[in-house]
Amino acid sequence: MKPENKLPVLDLISAEMKTVVNTLQPDLPPWPATGTIAEQRQYYTLERRFWNVGAPEMATRAYRVPTKYGQVKTRIFYPQPDSPATLFYLHGGGFILGNLDTHDRIMRLLASYSQCTVIGIDYTLSPEARFPQAIEEIVAACCYFHQQAEDYQINMSRIGFAGDSAGAMLALASALWLRDKQIDCGKVAGVLLWYGLYGLRDSVTRRLLGGVWDGLTQQDLQMYEEAYLSNDADRESPYYCLFNNDLTREVPPCFIAGAEFDPLLDDSRLLYQTLAAHQQPCEFKLYPGTLHAFLHYSRMMKTADEALLDGAQFFTAQL
């Protein structure tokens, strides 16, 4: 798509989204566009600090859990002593960026609104880790906490997965992995998916949307994919292109959230339409005027707060 033919996204977004886009952090250095991945990760962590201020306080513990790839960091948020379920949160960042700190406020709000224990899993980033390592680490963490639930004072009889962007793909892929390989980590009561990518190679929204403002041009998306996958054949794996998995049976209830001006929006629409066509429990909600990654900005955006609350309420309704 010739850039001039794309939608003028920054003219169309909501007033509160424009406020976020125009918010300057004076102490923040320029984005290291030509820097190393390590430098970009450092910048991303620094930039997200501002947006994580003011999150709900609650008991929080950090643990390392064993996997076949080595230990993986986790962070547990306890909103109350007797939680009805446990939610595993997988952060976004194109598989190459992000950590438990960049998504701390999101996890705290989700724990507060759901009153469920939330466990963030700091899966190994790409390109150091290639598909399907992140999924296998997530599954290993789930199994570990299922076996040690009493020691960590968590309720693993009912669990869920949640994630944003690349984390949404990992959330659903992990749930399908447990189903397909018949791994018992507790009943998967629901999956919460905010503006994920699920396997489309091209779409209307991928053509009309995406730019320097969201880091989701076609070139960006290709770069994330090449960093994450081990080889070309992985593009068709049912745990990367989730539309190649069996979505006609035993899919946990899915809350699917879309951002209006997100190039990945058609992934969410197709996922919803596929699940609904096969009578799999699901709900789709579009958040008008928003860009990809808007969930981070609940400090300024009521819509971001609403989207987290909607997901939390969907999950608790499944319990």
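Each Cβ is built from the backbone N, Cα and C atoms, and glycine gets one as well.
Quick look at what Swiss-Prot annotates:
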ACT_SITE  Ser165  active site
ACT_SITE  Asp262  active site
ACT_SITE  His292  active site
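Swiss-Prot feature annotations superimposed on the structure.
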residue: Ser165; record: active site; DSSP class: coil
residue: Asp262; record: active site; DSSP class: coil
residue: His292; record: active site; DSSP class: coil
Task: For Asp262 (active site) and His292 (active site), determine the Cα separation and express it in whole Å.
output: 5
Cβ-Cβ neighbours of His292 (active site) (radius 10 Å): 24
Task: Can you grab the distance from Ser165 (active site) over to His292 (active site)? Cα atoms, rounded to a whole Å.
output: 8
- request: Out of Ser165, Asp262, give me whichever of these active-site residues has the highest number of other Cβ atoms within 10 Å.
  value: Asp262
